[in-house]
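Notes follow the structure.
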């Protein structure tokens, strides 16, 4: 039994594993992992499943979907909204997801500047007049570095039970491999792209001559743009309606970066505090477990370690110390923590982010924590 095929051809039952739609989406995912585009647009995005899968690709910073049917997009677009976990642990990358309602036969400046444009099972739904305009909109106006177009291979239809004309009632046409490749090569030549052909949904053994169930053309621009198209190429008015936009929390936004830094600083400070107090307590005379005696024990440690505090502060020691009921943790000590260092980059930025968010000593060289609530 073939890897992508389950069932016997003679029974008239064909089942692809994974399902054919997943194979198409996984094909796009593999391209994204290989070429790492930052801006990706899916034309004919329908229920947004491909966009939902792509939002987990760490290289992508901008995702856009376009479909003629607003209702279909709205059914599942909630999956594109940030989750609580995205706010608790913001990503290092920025991510903006936008959905537009409109036709691929119309130009809109919101679709300029994309690295990759996908058209998965789209073109067979276009009217003849729309198909005529499609190449100019996608390859001429949008002009991304890469375009992926998939469409049914009509030669495979003889293996699909119940298919007499087209696979879907909304299909306006279905091409065989020669027809698709002729159209794709003409389009590629006209707009200075190269094109390679492949597909997903392998045929059963002995029927290889029909080709893949879904045929795919991968177009690559021969001379990638290094800057945005000039202003004169843009239409004066927007043609699409924006129906959804989500801006994901990112550490590139200083608000989220500050929250992450302060949270990590306080977590590390509490660990240092606990370690220091445990060390001081271990050096003192052993007492019973009576709470009062334990407090005396802590005070003994504090008093023993509080000598020459001012000298330590002036020298800006890199080690924490105790004065009275306060623990001083030098900021240099906290900044040396790898995660804090990675988040902030520089000590100056670190100090700026935590100022006003944590309690610092008079010369802002150390973070201050109270020992009073440590032993009750």
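Cβ atoms are placed via backbone N, Cα and C, with glycine included.
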Recorded Mg(2+) site member, picked from 168, 171, that accompanies 121, 124, 125 in Swiss-Prot: 171
49, 67 bind S-adenosyl-L-methionine per Swiss-Prot; candidate in 58, 91, 94, 103 listed for that same site: 103
Those binding-site residues listed as 67, 124, and which of them has the most Cβ atoms within 10 Å of its own Cβ: 67
Residue from 121, 124, 171 whose C-alpha is spatially nearest that of residue 49 (S-adenosyl-L-methionine binding site), among the binding-site residues: 121
Residue among binding-site residues 121, 124, 125 with Cα closest to the Cα of residue 103 (S-adenosyl-L-methionine binding site): 125
Same chain, 6+ residues apart, C-beta under 8 Å of the C-beta of residue 125 (Mg(2+) binding site), given in sequence order: 44, 170, 171, 172
List of residues, in chain order, with Cβ under 8 A from that of residue 121 (Mg(2+) binding site) and at least 6 apart: 24, 44, 150, 151, 152, 214
